[in-house]
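The domain 'NACHT' annotation in TrEMBL covers 202-423. The repeat 'WD' annotation in TrEMBL covers 734-774, 775-816, 864-905, 984-1025, 1027-1068, 1070-1111, 1125-1159, 1218-1252.
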């Protein structure tokens, strides 16, 4: 509604309580006395009229008699007095310019019919949206409103990189102010006039040589445009600068333009919020920021709320990174819509000329063709600067005239030359001006040469040249403090004024902006690096790199780099919570921390003995890595440069391997340090102080970095989990997907990786682990991905059969391939897609059909029939002439790709998962549910058979190995011998897809646990024994109630018992069942263990002796075969055991006699689906039975065989069933818990819901304590009173309070204590682990078959928390 009013040309207000006529006392004359009534009008007290007043351009008020009283501009003073709204807001100032609190005050003394409307009526005022929920109350409505406002402000703050309005003021100030006479001429040019008036002219390119005043011309054009903007038009601009890394790249340009657009029209932020709400600030940073921002930018340009946008970008030639992408975007968007008009400026560079020549609707303004206008403008600038000098230096008329004449005659139409000469004259006394003038030659290069000669005559010439050398060599502009670390003659205690003085000795080459040193112009840096290189780099640029390396190592190895540099204290402190200290200890170290390895790689070892010394045993590099490495990682996190750190360490590791002679003593240390940062990147990046906590604790015990920094481990952890001795094959884990993964593929050059999950595909940089692009699908789910062999394109297949072909470089969709509608009769369960080796063709399937596509023209070449069976995989031979497709029901078909003929059908047998060609294309490797085999497809002969099974298959490109993705691991086999050479474990779910890199040195796996792992196959890792039966897979686990024991049931029916406190294994129960175990439960006194199996048998065991005490058999029911035991529960006195089974009755057994004492028939639609869905009351009389699918709980009286209560636990989420149920100790309360963590407490007698709150995710069992004040779960002890306290914050999105825990808990992949995050559990999945939490220890058993035991010193921990707070 706000937008509707905003777009209205005029709005009318009829004030029925305001009369424009009032009769005078004692006479018949009429007079206008309406103002008091106007100020008292009810219209100003209504909530919704606030937006009616502020949104429209024009609002006219009418009296009871329909007399026009005026509009909001003519009545602004009266309205301001009534409402308190500033006159500027009434005059059209954008509402975003007013603070949140100020806008909230405007609602005072306004009323609405519904209390929630007090908040809803402000939505347009704040530019946000929330769905109305009448009945929620005003307080909740305002909470949601302000939450959205906070998100809006956070989004805008995160987007902010620079405000071009501030940059414009700074530029104008630095250049002595913007003279109207210096740009007026351009406003009258034919080119600009055409650009403004004609719809088809959408780009104006202002081009010219350095120093011609392009930037100031654009400043003038911007000023002129601002004066003539209509209300529905927006102007946004940006100034690139090559010497400032913040604003010298295409991503920065988009961020700057978007920031100005949103600042002027807040409703446009909705386009940004879609991604920012999901990814936070990361959407604006990193390698994939350009692609996310360009999509946002494109959507924003198409928003109909704005009639026209003017976009101005200055100095394209100074956009160092991704300029082609920016130019391509400008050209593309200008060809789409005439609503968007661009002005860009740059030097006369061929690359820019070539790109902008593609613009159909472009206009060029060449400054070299407007020499007379430029000369006139420069002369105006000269007169202005000469007058400034004359006033400041008190020139007489003769001197002023001489300066003016010299500048005019030598400027050669170059503003920069004039500015530099005038800057030099600022420090010259008036009696020496005439002589000084003669020393300034005409032309920029000549002036630069003169400046170099002047520097050479100074006493501190060498120091000045050293400063210039550093400024020209560093990878980004550096601050004064950073400069001080690199210049040897600058003392450590030198103040900023001292350093500023030294920078001033560098002539006019350098300038200061704030505390950062820049070249005055890109042409100045070009001159230093080219024409003056013999003076600045007499020993070569590599020598300067060596100096910068030495100084970097020296300063980083000092006391300046240490633990907890920002005094964060709390180990769980999130990086976004970190605030920059007033005195930043990293101020002088930021550059060195980020770029020291770059300087190491760019210096010349062979010609620099000092650089070689750094690499020797005991040298500076070893000392740094051995004593400061962890502190450096913390610093990288604080500087938000972890991705750069990972890439730098990869660069160093590669150099160490390449130059083994130079790095001989450091090779292993560098390798370990590289593995360390790769493996722990995500944790350190987000939580800097976890570097010394979970990161060290979870590293291999023989890791050199762990051993070197073991003193930094937390002292409050007394028993650490047992880790592997060495780094395993897992190089890094890529996190970012939120749904399970279906496919993964390496690019042909092995530099990128694509992973598919639900409705998104991510493209990753393999070295840094950075997500480069996120590709989205709508209406279906991605199921397969594959790169073209030139690595430039990515093909993705959706379950509905749609194929998208993407540009893998910029993430843009190039083509969509769609199947004939007649063939899309179902949604496929699986799909596969493959490029041919020459990338000209694409093969994919939909259900039982295959298609061969021509990639170039998108035509379907062949439609192939898979025999009515669902196809699960496709494979192409090396020459792409043969196609093999495996079907779900056991056949492999071979086709000729060119002709489309089916050459052979092999019947491999039921359970076929995948098939792939081997080296000579005559052999086929087929993966089945319980084995894999190699066949000659021509003859059908079985050549070899392996006793293995899995879900996914990949063959290495050298055809020496194949990999099988299993339940939670990867198995690597030697094709020649059939030997399993490696088993790679680490996933907590099925490895759904695997892919070898093209060099066969790495393999990637995509898992059901939502992660992608990259594994190293180049180094030898000790393989686990593998007999092909996979009998060691864990099926069921259970902790005892006293937290002393852990029971683990394996596929071979063995039950292992562990001491949960120290991790030691106790005697196992071997051969406990004939069929696989499906459920286990300890008695409440922890002396007995019940185990249920797939064949419906329940056994009762004595923990101490290992003897079987009882056997309980479920019987067939209504001729339905019995199914697995799902859930069991002991009564509090352990004399009764309840068991539930699929398709069979729920039964209660007497544990002493072995007899069934109660049973209830249960129809198939009332299945109990979770192992914790049955519970006894404290008196053992009542039994609660949670029916997961129907989301109901039935309470039965066992003695009377009567259903006494049915409770509905339905939160509206079809996937969120009940997973746990428990009675309170007095049996009056009943607690239910959903899979996604919502706990509800009910009155067990009345069925009334008493309370609800949010707990952890997971299939946790529950039990109340004796007072029913605490709820015991596997993931912690919930303090019910503290949780339900009105002061308990924060709350979830649906308003539920979050559970408060007593002592330790596990929450959102964190071990917490007293609500303080202690240790991050990387890769933790609450749905796939079992946990046990005691007073001072935590035991976790995960799907990698690891028992992780943490024990804590509570005294030290409480003391530490006291210090943190």
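The backbone N, Cα and C atoms fix where each Cβ goes, glycine too.
Nonlocal intrachain contacts for the repeat 'WD' (984-1025), taken as residues 6+ away from its ends with a CB within less than 8 angstroms of a stretch CB, comprise 726, 728-735, 737-746, 748-750, 753, 755-757, 764, 766, 950-958, 960-961, 963-972, 1323, 1325, 1328-1329, 1342-1345. Among residues of the same chain six or more beyond the repeat 'WD' (1125-1159), those with a C-beta under 8 A of the stretch's C-beta atoms are 1078-1085, 1087-1088, 1090, 1092-1094, 1096-1098, 1100, 1109-1112, 1114-1117, 1167-1176, 1178, 1180, 1183, 1185, 1198, 1201. Within the model, the repeat 'WD' (1070-1111) carries an average pLDDT of 88.
Across the range of the repeat 'WD' (864-905), the DSSP-based residue counts are 0 helix, 24 strand, 18 coil. Look at the repeat 'WD' (1218-1252): DSSP puts its residues at 0 helix, 22 strand, 13 coil.
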